[in-house]
Amino acid sequence: MNLNIRGIINYSLLPISGIFYLVSVFRKWLYRVNFFKVQKFKYPVIVVGNITVGGTGKTPIVIALAQYFKQQGKQVGIVSRGYGGAHHQGSLLVNKDTNVYLSGDEPLLIALQTDLPVMINKNRAKAVKDLINQCQVDLIISDDGLQHYKMDRDVEIVVIDGIKRFGNGFFLPLGPLRESITRLKSVDFVINNAGLCAGEFSVKLTLKMFVNVKTGEEKSLNYFKGKYCHGVAGIGHPERFFNALIRLGINLEHHIFADHYIYQQSDLVFEDNHPILMTAKDCVKCTQFENDQMWYLQVEADLSDDFLKKLDAKL
């Protein structure tokens, strides 16, 4: 795009960005002064969110936290908005048998990897209430929802992109911000997904293995080294996934889809018969396809002992 045209477009978005900022501040203030009612709960709620749009790796952290507390004997439940799913009315309890087209990819992925109840509702406060009423839980983790102030919370965790940070520092739609950077001063923990800054905790996303989408067969990280493969990603920042595959020595052809994209089998039909590599988030939308050349990269979030110790103390 011509730089002058881009500059004009950016300049025209500045007032909208300013309005978004004012609305964000005013809306939060209305909850602070109790103009809007905050829904409180009898069990602690941990929110894992961010102040920017786009993927920052929240879901692997939610899964890691859920598994950590589950191992401690907690009865954990998760709530989510259910982005990309067709379910829009009321709450839906997601389990491993739920249709991904109803739930969206992230809630189903969390349910599959944790074997814990996941309740989706665009009203997260209602999701928490229904989760408590329908399931035996004593700790709730909210996948995203930092800006859903109607839902009371005991711990706020913000995940930030350690490379992109806060982009150009502007609010939507001119920049990536949903809330001011100063919001970080009021949260309990900031987790950096790439690198480390003062006052932030690091998380290590560890590549584990490749798993066949159809058969569950497992292969080591070196299995596709030197081979030609198709890389498929419908996530917030696909370049991270592609770069990880390239670092494994894979000759990769990139195929980028929109975040939360619902795949059709025709999307994954290529002229050659090279393996198709995808994320776990993409995998849950492709299990019904008749293609044994699809593999997903299993990734785990490793949270620091220092972070977990301080989180336990907060609860």
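Backbone N, Cα and C define each Cβ position, glycine as well.
The following features are taken from Swiss-Prot:
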- T52, V53, G54, G55, T56, G57, K58, T59: ATP binding site (BINDING)
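Sequence-distant neighbours of V53 (ATP binding site) (same chain, six or more apart, CB under 8 Å from its CB) are L172, P176, R178, listed in sequence order. Of all Cβ atoms in the protein chains displayed, 24 besides its own lie within 10 Å of the Cβ of T59 (ATP binding site). Neighbour counts of Cβ atoms within 10 Å were taken for the binding-site residues G55, G57; the minimum is at G55. Other residues of the same chain near the ATP site, with their Cβ within 8 Å of the Cβ centroid of T52, V53, G54, G55, T56, G57, K58, T59, are N50, V159, D161, G236, H237.
Within 10 Å of the C-beta of G54 (ATP binding site) there are 13 other C-beta atoms, taking all protein chains into account.
T52 (ATP binding site) counts 23 other C-beta atoms within 10 Å of its own C-beta, drawing on all protein chains shown. Listed in sequence order, N50, V159, I160, D161, N193, G236 are the same-chain residues at least 6 apart in sequence whose CB falls under 8 Å from the CB of T56 (ATP binding site). A sphere of 10 angstroms centred on the C-beta of K58 (ATP binding site) encloses 22 other C-beta atoms.
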